[in-house]
Amino acid sequence: MATSHTDVHLAIIGGSGLYKLDGLTVVDEVYPETPWGYPSDKILIAQTAPSAPKIAFLARHGHQHQHSPTKVPSRANMAALKHLGVNAIIAFSAVGSLREEIRPGDFVLPTQIIDRTKGVRPDTFFDNGILAHASFANPFYAPLGDLVASHVHVLENDCRLHRDKTVVTIEGPAFSTRAESNLYRSWGCDVVNMTAIPEAKLACEAEIAYQMVCMSTDYDCWRESEEPVTVQAVMSAMGRNAVNAKRLIQAVLDTLIDVEKHQEVLQGIKGTMQYAIMTPKHARSAEANSQLRYILPQYCD
Ligand SMILES: CSC[C@H]1O[C@H](OP(=O)(O)O)[C@H](O)[C@@H]1O
Ligand SMILES: Nc1ncnc2[nH]cnc12
């Protein structure tokens with residue numbers, strides 16, 4: 001099993017109900033130990049055709065869904081992908097809808113996040129003697145969202161794509177109470193999940209362009225007329241949503257064959273952490289420096 005790839009620029013993260021991709025040839029599997037431990041599962045390196053760019057695929061919860069949202073090793077996931085050369089991530093997530101017009105089966109490209117996690121998930125690479133303050137005002141990378149949205153026509157079964165929405169990330173693993181669900185609606189949130197944080201934050205710190213594609217599976221529990229969400233409801237909706245997710249991924253990968261045309265997306269957000277790191281090189285411990293070198297070597301000795 002090889003452990004080094006320098007030509008993998010895009011990764012797909014699969015969430016609940018999306019544990020593998022179809023129609024791709026797997027050329028390698030890697031399971032690196034990063035300074036933050038091992039990723040959720042083996043990372044598959046795959047291609048749509050021999051001439052197509054290689055991509056990485058990682059199942060966020062593991063292919064047996066063994067990691068709870070709280071315990072997903074997000075730092076290792078992001079670090080492993082960055083170390084492979086990944087500059088851009090399209091991350092899929094099953095979400096509850098907080099809006100009537102976002103029906104189960106619809107897809108959503110959020111532009112904003114509200115963090116309702118409880119502070120128990122490690123959500124920074126900069127807690128080990130090197131401090132940085134990343135700009136997180138726009139947690140998703142618009143050119144990546146535009147690329148995904150340009151393939152809306154491949155979505156089947158009356159699936160609508162909603163843009164410019166806000167996802168609220170709760171700690172879980174239990175779903176929300178009705179009062180919480182209504183509170184999130186009153187805050188302007190449109191969909192709810194358990195995983196956008198810390199993934200989006202860590203991607204930002206690692207200079208990886210990141211866009212989450214939310215797939216609505218239920219109306220959470222705010223609708224009095226409906227049974228509150230259950231795992232069965234989510235997984236049954238995900239069975240249908242996965243078909244559209246795979247069609248979308250295939251369409252995006254087909255366009256990315258034209259690498260030159262998509263440089264903006266494939267190069268991502270390089271350079272954005274340059275002025276965010278506060279601790280000077282001479283004041284860093286060797287250990288902290290060597291950890292950071294794994295993901296951002298350009299800012300390290
Ligand atoms: C299985 S229901 C709750 C679970 O589903 C979503 O997972 P993911 O974001 O990885 O698709 C949600 O965030 C929860 O973790
Ligand atoms: N209602 C919900 N709340 C949180 N995460 C979810 N994932 C799918 N449906 C969800």
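Backbone N, Cα and C define each Cβ position, glycine as well.
In TrEMBL, annotation is done automatically, which means it is predicted and not curated.
Taken from TrEMBL as is:
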DOMAIN    10-253  domain 'Nucleoside phosphorylase'
BINDING   S16, R60, H61, S93, A94, T195  phosphate binding site
SITE      S176  site 'Important for substrate specificity'
BINDING   M194, D218, Y219, D220  substrate binding site
SITE      V231  site 'Important for substrate specificity'
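By the criterion of other Cβ atoms within 10 Å of the residue's own Cβ, the least surrounded of the recorded positions S16, S93, S176 is S176. Y219 (substrate binding site) sits 11 Å from S176 (site 'Important for substrate specificity'), taking the Cα positions as reference. Confidence across the domain 'Nucleoside phosphorylase' (10-253), taken as the mean pLDDT and rounded to a whole number, stands at 97. M194 (substrate binding site) has its Cα within 10 Å of the Cα of these recorded positions: S93, A94, taken from R60, H61, S93, A94, V231. R60 (phosphate binding site) sits 21 Å from D220 (substrate binding site), taking the CA atoms of both as reference points.
The CA atom of S16 (phosphate binding site) is located 13 Å away from the CA atom of D218 (substrate binding site). For ligand 2, the nearby binding-site residues are M194, D218, D220; that is, of R60, M194, T195, D218, Y219, D220, these have a C-beta under 6 Å from one of its atoms. D218 (substrate binding site) sits 9 Å from A94 (phosphate binding site), taking the CA atoms of both as reference points. Taking S93, A94, S176 as the candidate recorded positions, the subset whose CB lies under 6 angstroms from any atom of ligand 1 consists of S93, A94. Classification of D218 (substrate binding site) by DSSP places it within a strand. For H61 (phosphate binding site), the nearest neighbour among the listed recorded positions (S176, D220, V231), judged by C-alpha distance, is V231. Cβ neighbours of A94 (phosphate binding site) (same chain, under 8 Å, six or more residues apart in sequence): G15, S16, G17, N193, C214, M215, T217, V234, A237, M238, N241.
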